[in-house]
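If you look up TrEMBL, you'll see 183-312 marked as domain 'Inositolphosphotransferase Aur1/Ipt1'. Annotated transmembrane segment per TrEMBL: 24-43, 123-143, 207-227, 239-257, 291-311, 332-354, 360-381, in sequence order.
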Amino acid sequence: MDLLAKNSTTLEEPQWNSKPAWKLPGWAEPLMVVTILFGAMVMTRRRGYRIFAAKPGVYKSTLDGDDSARSSDELLAHDAGGEDDAQEYIAATKNMPKTRKSLGITLKTPNTSQFKNNIHSRILQRFPFLIEMFYWVINYGFYRMTAILSNEIFAGRGIWTVAESHGLAVLDFEQHGFLSPLFPSEQEIQQWFMHGHQDALTVLNKAYALIHIPGTVGFIAWYYYIAPSHPTFATVRRTMTLTNFMAFTTFIFYPCMPPRLLPKEYGFLDTVRHDDAQSVWMSGKYVNSLAAMPSMHFGYAFCIGCTMIYHSGMFRRKLEHGEARKSWAWKVFYLSVGVGYPAMILTTIVATANHYFLDTWIATMFVLLAFMSNKVFYVFIPLEDWFLWVLRVELPIPSTGERFRDLGYRL
């Protein structure tokens, strides 16, 4: 690695003259995220459904046909003479266990429909987006554990020593590996911004600090509201979740120091902290600073970009059921965002020395692999049934896109 340091172009650090135009107080970013989440919860609430209804009934989704059965009674032909038999049948079958298949095994799980009128079930039915919030709390909890577990695993050698060696190995692969012609120099890109383009770098510093968490949360909320169907939204959510789990596992077993934390002789500057632009999400006891590989900033951006391109409908011959064809203006807009957003995030994470180019390659591979295998989460459905049974709660009917359908799919 000494040879790598000698081969790296060591440039004098220029005077940092740009000053942040403004700095958010520590409470502003959490408030921003909470506002987005609860705003989405209200916007996607189930209209016409009351939590404290005098006579609880069964909600009929706008996705149901006119002839859809609304209760177990409607599944039986009415026969006055056989009314007692019908009532006995309903009593015996209305809470029958569910049949689930997982890993080729048929399982019986509890039927939680008996809990549909419990107060917490009715709250979820009124605000189905709460389920999405719970899913992401699980994701965040897993991320919080990565730094702790990685420190435990590498306690003997020292986590910082291991992470630095991994970071230098990435640089060595990019500069001297057989694929080196495909990797631009991160150092040269940062130096281009540092010499004569510091105002642009200040903007990128703010973008790095503010876009990742609020932007991703905002995307989830927006797509839940606007997606053409819940299965489409769920595919995106499962893809992002599986990408998270693959990335988090990598963080634990392959801690990697970002360029900004490497020794000074490698020529990188931590511009975000130098410009005092760091996010509240970038500090704290459980934040994993040694999680450069892969780049989740780019992983999320790539997934969001692909979703935007899909949503444009430009490269789809067949639209989803009930989905209206968009105007060319909207198609171009979504396509531009789909390409431009990942490109902007890529520029940001490299210019601020937070990631290597190889990090983005691995993130892209993880997203593609997660998309192809996102249904692996189906194996947890039986476990979810039991968890809901323990909580005595019924899973709500998703309200994905219901409110937006009233607008006629114009976006």
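For all residues, glycine too, the Cβ spot is worked out from N, Cα and C.
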Per the 3+ Cβ pairs under 8 Å rule, pairs at least 6 apart in sequence, do the transmembrane segment (291-311) and the transmembrane segment (24-43) touch?
no
Tally of DSSP helical, extended and coil residues in the domain 'Inositolphosphotransferase Aur1/Ipt1' (183-312):
92 helix, 2 strand, 36 coil
Checking distant contacts: for the transmembrane segment (360-381), what same-chain residues at least six beyond its ends satisfy Cβ-Cβ under 8 A?
100, 102-103, 235, 238-243, 246-247, 250, 293-296, 298-299, 302-303, 306, 346, 349
Long-range Cβ neighbours of the transmembrane segment (239-257) (under 8 Å; 6 or more residues past either end):
135, 139, 142-143, 146-147, 149-150, 153-154, 159-160, 162-164, 166-167, 170, 220, 288, 290-294, 296, 299-300, 303, 359, 362-363, 366-367, 369-371, 373-374, 376-377
